[in-house]
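Report on the structure given below.
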Amino acid sequence: MKLIIGITGASGIQYGAALVRLLEQTDVESHLIISKNARYVMSIETDLQPSTIEERADVVHNPNDIGACIASGSFNFDGMIVCPCSMKTLGYMANGIGEGLIPRAADVCLKEGRDLLVVFRESPLSHTHVENMGKLSQAGAIVAPAAPGFYTDPESIDELIDEFAAKMLDRIGVEADELTRWEGH
């Protein structure tokens, strides 16, 4: 399996970093794109370094390289998770604007019928945000808020982040040991 992870300039970079870290523990070939704005947000919101995330990925792509293999429908990959996804990038994807590699690879997912999972953190949402989410959903994408579950009784924010990242991987077909399934009470 080959999976693309796009990390954009929305708050919540830790979710994207957790996805890459959890993928490293699997046999999935990970292709990573970190946008310029994600690098900026990472520098002001976290202690993470882009290089720390990049060294965990199998392949790292320049966010401006629209000639990358993942920008083509002829490249055989299984899906993509954009997490966190800024409203700017979500708008590009919803309207078919391939401005940069993340929206272009997402467009490839949609046109080729591959899994696309878009995780937003923005709150509250404007009418335009909701319309764009609707467009993506109608085109076949899965749109999810970065809203972790608390039923696992987490002891730390890191546990919440890992659980949520594992749930996103599960939704796209990758098993992660960190996922706790609800079994009733």
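Placed from the backbone N, Cα and C atoms, the Cβ positions cover glycine too.
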Checklist entry - Say TrEMBL lists G9, A10, S11, S35, S86, M87, K88, T89 as binding FMN: which of R114, R121, R171 is in the same site, per that record? => result R121
Checklist entry - Cα distance, K167 (dimethylallyl phosphate binding site) to G9 (FMN binding site), nearest Å? => result 22
